[in-house]
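Copied over from Swiss-Prot, here are the features:
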DOMAIN    26-129  domain 'Gnk2-homologous 1'
CARBOHYD  N33  N-linked glycosylation site
CARBOHYD  N37  N-linked glycosylation site
CARBOHYD  N67  N-linked glycosylation site
CARBOHYD  N126  N-linked glycosylation site
CARBOHYD  N146  N-linked glycosylation site
REGION    251-275  region 'Disordered'
CARBOHYD  N266  N-linked glycosylation site
TOPO_DOM  305-665  topological domain 'Cytoplasmic'
DOMAIN    344-624  domain 'Protein kinase'
BINDING   L350, G351, E352, G353, G354, F355, G356, A357, V358, K372  ATP binding site
ACT_SITE  D469  active site, proton acceptor
REGION    641-665  region 'Disordered'
Amino acid sequence: MLSLLLPLISLLFQIQCFTVKSQPVPLNQICSNVTGNFTVNTPYAVNLDRLISSLSSLRRNVNGFYNISVGDSDEKVNSISQCRGDVKLEVCINCIAMAGKRLVTLCPVQKEAIIWYDKCTFRYSNRTIFNRLEISPHTSITGTRNFTGDRDSWEKSLRGLLEGLKNRASVIGRSKKNFVVGETSGPSFQTLFGLVQCTPDISEEDCSYCLSQGIAKIPSCCDMKMGSYVMSPSCMLAYAPWRFYDPVDTDDPSSVPATPSRPPKNETRSVTQGDKNRGVPKALIFASASVAIVVLFIVLLVVFLKLRRKENIRNSENKHENENISTDSMKFDFSVLQDATSHFSLENKLGEGGFGAVYKGVLSDGQKIAVKRLSKNAQQGETEFKNEFLLVAKLQHRNLVKLLGYSIEGTERLLVYEFLPHTSLDKFIFDPIQGNELEWEIRYKIIGGVARGLLYLHQDSRLRIIHRDLKASNILLDEEMTPKIADFGMARLFDIDHTTQRYTNRIVGTFGYMAPEYVMHGQFSFKTDVYSFGVLVLEIISGKKNSGFSSEDSMGDLISFAWRNWKEGVALNLVDKILMTMSSYSSNMIMRCINIGLLCVQEKVAERPSMASVVLMLDGHTIALSEPSKPAFFSHSNAVSDSSSSLGHNAKTSNYNSNTELYPR
């Protein structure tokens, strides 16, 4: 494969040498000193460098909007980037990456800066900028030609066009990019074309206000100019008497844009921001060719690397036959763990599952740990031990349980985890006494934390992973009630597109949380975890288990109960009675989470949202949610035991409670 690619790669590099000179030039940039400056090698500089380096590997996002933060506290770098709604995804990511690199060279010491390109905008700051309307700083790009006809006719046509686009953009919804284009008949037999766009993190009202402010600036910045851009951090608008955007159906984000028309040859543009004037790149054709060649090279390289990566992952999965785990720095002596747990005494036993028991331990330095000791006669447990260790050792996220190390001695297999004092989520939400500690704010925090942990597994980690056993007993809570996903013994690597399903004849997990297509047909994908997450959300809200659920009207399971009440307009019947007595109770937010939960358990796999969409819906309270379709009704009162079953054979079952564990299996 590599031998076939090398000649083509060489040719592409040679062609690139002749086209690289035509790189796009930013329309304008502003370096702000309001929030202070930084120096080289400081924490802020390091975080900014990490942020800029990550831009070239952004995941494809259909709305072209990214909110990324790196670092902590005062040295945290927050960024927002957005592409114009008619820009293809490949071009979008390239534009953002280029904008980031360019901005740090133009603003080398400022902690806050923004840059505008024709196809994207990028900004960063050490303050919070997400979910905030910002109309300053602003800039405008204008043509040099004036309209020479009747002023009143021009202004009437232009205002009518932009006001109409503004009204549509402010209600079109975040999933549609808040991007609208349109045209109208202008004076002197001309057609006026317009474009408006808001960032999707602001509300409908803020979008409308931002665009209104932009329209109000036109008389002072762009009076009678035949073609202008007016841009701020939260929105932008543009107009011209020619089609300057790629025509797309804004009701269909996936539609393919056509080739844009070119403006008149004698049209030039200038930038106005204070006393600044900056020209717009003229070599558009050469720049486009350069970008196309670079994109082609990247595509070929990605294909090659993905083939190599799949081979490496297959090799790593086959390494279970090798007893020697190379990460010696994480290895504990068996005697150390034996002493820490008082020889695995009953007093220190925290719980037990199908593959062994979990014990609390204290190391000689006072550090508390949780030790998972696999059963000596469980061959399947040995396989799970290696699988879990090799996977979890590579994962680092605040919403995943932290693996501290392992121990192998003779037939002994042990995993060492951080100790979490509040044990597992099921001990709280299913207990009427402990449930009093879970106010709505805490439950919402847990829902959001689990969602972000799953997003990391599905999309942001080095290895894309399906958990396959997400449930309340596998969500551990630290002293601040921060949720941490545990139990990766059932997890699987998944290095292909998330819309594609895999098949297995080994069904593992817990009934009530398992997606029907997985239980009945052995199909699993990232949407399998999404289904489990939806069940968990409904359990957190109701304080009831999906499996074995019962209510006054005796409906079979929690999902059925939630769906029926949703359709009847009384979804709040689902809510835990304890919550309704608490000061933090918020019916609007609870209704929103019920909606999200039902979206996640929809019967059709393709209609379930990705975890990236779920996190966006949870973080963006103004995002309009779609109406859920019929859920996958699936009612079982038993759980699959930790001994897995095969399709076509009777599954060994055990009581639901006996399958819950305090720490990962």
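Including glycine, each Cβ sits where the backbone N, Cα and C put it.
Here the structure is a predicted model, which means the values were calculated and not measured.
Recorded features from Swiss-Prot, shown on the structure.
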residue : record                       : DSSP (3 states)
N33     : N-linked glycosylation site  : strand
N67     : N-linked glycosylation site  : strand
N126    : N-linked glycosylation site  : coil
N146    : N-linked glycosylation site  : strand
L350    : ATP binding site             : strand
G356    : ATP binding site             : strand
D469    : active site, proton acceptor : coil
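With the fewest other C-beta atoms within 10 Å around its C-beta, E352 stands out among the recorded positions E352, D469.
Comparing Cβ neighbour counts within 10 Å across the recorded positions N37, N67, N126, L350, V358, the minimum falls on N37.
Of all the recorded positions listed here (N33, N37, N126, N146, D469), D469 has the Cα closest to the Cα of G356 (ATP binding site). On its own chain, N33 (N-linked glycosylation site) has Q110 as residues at least 6 apart in sequence with a Cβ closer than 8 Å to its own Cβ. Comparing Cα positions, N67 (N-linked glycosylation site) lies closest to D469 out of the recorded positions L350, E352, V358, D469. Of the candidate recorded positions, L350, E352, V358, D469, the one lying closest to N126 (N-linked glycosylation site) when CA atoms are compared is D469.
Counting every protein chain shown, 23 other Cβ atoms lie within 10 Å of the Cβ of G356 (ATP binding site). Sequence-distant contacts of N146 (N-linked glycosylation site), defined as residues of its own chain at least six apart whose C-beta falls under 8 angstroms from its C-beta, comprise M224, K225, M226.
Separating the Cα atoms of E352 (ATP binding site) and N37 (N-linked glycosylation site) is a whole-number distance of 54 Å. Comparing L350 (ATP binding site) with the residue listed as 'active site, proton acceptor', their Cα atoms are 20 Å apart once rounded. In this structure the C-alpha atoms belonging to N37 (N-linked glycosylation site) and the residue listed as 'active site, proton acceptor' are separated by 47 Å. Taken as a whole, the domain 'Protein kinase' (344-624) shows an average pLDDT of 83 in this prediction. V358 (ATP binding site) sits 18 Å from D469 (active site, proton acceptor), taking the Cα positions as reference.
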